[in-house]
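K.L.:
My questions all concern the structure below.
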Amino acid sequence: MTAHAPKSSVKFESMEEKPCSSSAADSSVDVSEEAKKLIGTGKRHLVMGDVVSAVSVFQEACAMLAEKYGDTADECGEAFFLCGKALLELARMENTVLGNALEGVPEESSEEGEKQNDSKIESADNLDDDDDDDDDEEEDVEGETKDKESEEDEVGNLQLAWEMLEVSKVIYKRQDRKEDQLMAAQIYLKLGEVGAESGNYSQALEDFNECLTLQLKHLPSHSRLLAETHYQLGTTYSYTAQYSQAIEHFSSSIKVIESRLAMLQEVINKAEGAEAAKEEKSELEELKQLLPEITEKIEDAKEGQRTAAAASEAIHQTLAGASTSSAFPAENGGPSSSTVSPIPVRPADGASSSKSASDISHLVRKKRKPDDESPKKDSDAKKTKQETSVNGSGDSAHNGNGVQEKMEQEPASSSVETSA
């Protein structure tokens, strides 16, 4: 296997345009027989681990069958399922290779970013080359845009796997035979694996549960397929921190395996000869090796359950403590009340309290500069004194305008009258 697993370049929509042996429908060659040969070859490729070749062969078989019978014909069900299964394995290979290749990439990217920032500081000698650099940058941007568009147009292998499996699910689900229903259960299992691989755990759980429902209906209690489905459900529930359900399904998987071990041991005991029940013995040893791994999964789920419970209790206590105390401590360090009471204000005598609370114009007038206002105030005081002397009585000077002017200039006039 090469270091980089290439994506499948053949899409389902373009299968009919591919010049291959699909033209044999017009010749003496039977398309069904040719497709069966391709399917057998693809299965061998899967067993040998040559996933890329398996995908190519399965896609060719799907194209031939779809062209002759139609995309959703019963004859296409097996080929579509095997092609989706192989595409899922290819997507896993790509994710593994990509994950290994991305180790240490952030550090390199940051170093490149620093170099680019340093290169932005240019000397005066390079200012003449700005136009050429701008043209080069525009070409680079256009090239990157085209590359991104081509990547977006290309459908990933995981998406192709889901599409193939969905079509095969429709084909098998509509049939009533036990074999077809069990095949639909296996398709649900692979759809769940596609969902888990893409991070869509809710959809994965739904598909796994559909698979389990069909298997419980048609399979014996000691079937290995039941153990596998329970294991997949337990793993996915662990990913979503639903540890109780995870423990339940892991335990169910162990029960199925133990039941399977008892059945195999009974067959081995009844067998005669050293070479008898060879397959049963091999399966027995294989299943025994699975039990410690599943038991460890149960312990991990229990530990996660305890950790989650402790964290939830700590959060609950923190929130409960915050609700009984104020966010701001009291001035003397004591507990402050959550209810803020208004500060009582003692009103002044008479109606002056309302004025002091609502009218602050007298405070504003106090801020006037005495140098600017003193000539006017002196002249007003002299005028008042002259009017008093002319009229011969102090009461004649208190007309309507004089009262209003005195109220407006009360602070200044009081000092003038005192000096007079």
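Positions of Cβ are set from backbone N, Cα and C atoms, glycine also.
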K.L.:
Have a look at 203-253, 254-304 and point to the one annotated coiled coil in TrEMBL.
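P.N.:
So the range that TrEMBL calls coiled coil is 254-304.
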K.L.:
Roughly where does the repeat 'TPR' (227-260) sit in mean pLDDT, to the nearest integer?
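P.N.:
Across the residues of the repeat 'TPR' (227-260) the model's pLDDT averages 96 on the 0 to 100 scale.
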K.L.:
I'd like the per-state residue tally for the repeat 'TPR' (227-260) from DSSP, helix first, then strand, then coil.
P.N.:
31 helix, 0 strand, 3 coil
